[in-house]
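**Q** For B:6-24, B:31-51, B:63-82, the entry in TrEMBL reads transmembrane segment.
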Amino acid sequence: MLNPMFNGAAAMAWLACSLFFLRFWKQSRDRLFGFFALTFALLGGNAVAGALLEVGDERRYYIYVVRLFAFLLILYAIWDKNRAVRRGGG
Amino acid sequence: MAEAVYILCALTSLACAVLLLRAWKRTQSRLLLWSGLCFAGLALNNVLLFVDLVLLPTAVDLYVPRLITGLASAVVLLYGLIWDAS
């Protein structure tokens, strides 16, 4: 009873974060914000999948593959941003 | 294979946290601080995941602490976005 509620709350919070970053991206057109929005949307979907799949379900493992991809996306976004700053862009 | 993914999740989220907090120290942008803290929470969440599913026997279940650290990370970032960034 409590666990799906925690998962649902986390999903809602991640999606809200994603929408904030989407707004920043629309305002500034800074790709960093776009990547952040995408990552937090992925984490939101992750929390939903975590709530829907049974604990013993073998597909549960793929949740963490998606999560790994989301983290790699952030690392790429930071690298991309640093490169742009070094080039004098921004 | 699953173990490798759990370890990589922990390492990448830790790397995100370190890079974001370093950028915050350099630029003093509060949004970077909240993002860095969020990823530090996620790193803790992923370490707990590894400890729970790989190191500890199945009799010990850390699912609720994992849920709470994940939710706390999201709430920290949301707090920062609502109070600091807009």
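Including glycine, each Cβ sits where the backbone N, Cα and C put it.
Help me picture where these features are in the structure shown.
**A** Residues of the same chain lying 6 or more positions beyond the ends of the transmembrane segment (B:31-51) and with a Cβ under 8 Å from any Cβ of it are 3, 6-7, 9-10, 13-14, 16-17, 20-21, 23-24, 62, 65-66, 69-70, 72-74, 76-77, 79-81, 84-85.
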**Q** Using Cβ atoms and a strict cutoff of less than 8 Å, what residues sit near the transmembrane segment (B:63-82) while being 6 or more residues removed from its termini?
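**A** Cβ under 8 Å, 6 or more out: 30-31, 33-35, 37-42, 44-45, 48-49, 52.
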